[in-house]
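S.K.: Sharing a structure here in structure tokens format.
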Amino acid sequence: MGTPWYFVALLLTILTSSQGILTTLSQSDQGGYNYDYATVPFLAEVFKLIISGLLLWRETRTATAKITKDWKSVRLFVIPSIIYLIHNNVQFATLTYVDTSTYQIMGNLKIVTTAILFRLFLKRKLSNLQWMAIGLLAVGTTTSQVKGCGEASCDSLFTAPIQGYLLGILSAALSALAGIYTEFLMKRNNDSLYWQNLQLYTFGSLFNVARLIADDFRLGFEKGPWWQRIFDGYSITTWLVVLNLGSTGLLVSWLMKHADNIVKVYSTSMAMLLTMVASIYLFSFKPTLQLFLGIIICIMSLHMYFAPPQTLVDLPTTSDAHPKTLKQVIVEEKTDS
């Protein structure tokens, strides 16, 4: 495997945390976007597709890359693309019923749903300590996002329509399902990671094109076809968003192949907290007590999940390194008598 998974997870945390910051910096002075933000995921998919193709070409020239050219295997990669497409639309639908703060808090449900699907579908057993750690992670991320009760939006969490909560739960379930299914595909055989990526990102690019075409029909082509205005309004910051999004996807696929979904969940959760801390200096974000408590809880969760069990529980030390067997005890008692 070469590269340690924790190094990739750390790099993913850094890139994910900078994703929101770069997206915010790419906005105009009025708060909107001068570019069509639907083109960003498409270009990110194309970037991942090109990089995966080049790496696969290099791998086939320098080593024997295992490639399964079977349509029954290839068509399985359509499923996660469809799930992600549905998930993206559910996200927009959810935001029509709830505010941003409520949506972010409900998004933490994917931590728990990922762990449940991880156990049910991938048959990966977690210890009681690990289940407790995942619960702590969900509590910590939620705590960091809850605003002070003196703020006007404090009560909004409990005043949204029931449709908003149902869509939020569905969004978390779809996000977890897409991740679990992608991990299943990556680990179902010994095919080259780059060949698997090539299949995944090909379908991802096609579905993003379908979305852009659907947007054109919905708007009546008032701005012209998408391919004529794809780079309109792009700046250096926008290209950094594309590069960041594409690199993040490549790292996630690596973790799906060589680690698992729980590592990805911890990486993205810690990235969210890192983004909040960075926002203090970049966007004059005012830190709250809840943020500091959330960070502490998440760090405790991280240690509890990945630390060896013997470092978490103080086992009593015995003076007799080799306990006596029942036969030895009986013989000694007869000798004494």
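Placement of Cβ uses the backbone N, Cα and C atoms for every residue, glycine included.
Just so you know, TrEMBL annotations are computer predictions that nobody has curated.
Features from TrEMBL:
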{"type": "SIGNAL", "residues": "1-20", "note": "signal peptide"}
{"type": "TRANSMEM", "residues": "38-57", "note": "transmembrane segment"}
{"type": "TRANSMEM", "residues": "77-97", "note": "transmembrane segment"}
{"type": "TRANSMEM", "residues": "103-122", "note": "transmembrane segment"}
{"type": "TRANSMEM", "residues": "166-186", "note": "transmembrane segment"}
{"type": "TRANSMEM", "residues": "234-256", "note": "transmembrane segment"}
{"type": "TRANSMEM", "residues": "263-283", "note": "transmembrane segment"}
{"type": "TRANSMEM", "residues": "289-307", "note": "transmembrane segment"}
S.K.: Would you mind listing the long-range same-chain contacts of the transmembrane segment (263-283), meaning Cβ under 8 Å and 6+ residues beyond its ends?
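M.R.: For the transmembrane segment (263-283), the nonlocal Cβ contacts are 5, 9-10, 12-21, 24, 108, 110-111, 114-115, 134, 137, 140-141, 144, 179, 252, 255-256, 291, 294-295, 298, 302, 305.
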S.K.: Of the listed stretches (77-97, 103-122, 234-256), which one yields the highest count of Cβ-Cβ distances below 8 Å with the transmembrane segment (38-57)?
M.R.: 234-256
S.K.: Counting only residues 6 or more past its boundaries, what in the same chain has a CB within less than 8 Å of a CB in the signal peptide (1-20)?
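M.R.: For the signal peptide (1-20), the list is 241, 244-245, 247-248, 251-252, 254-255, 258-259, 263-264, 266-268, 270-272, 274-275, 278.
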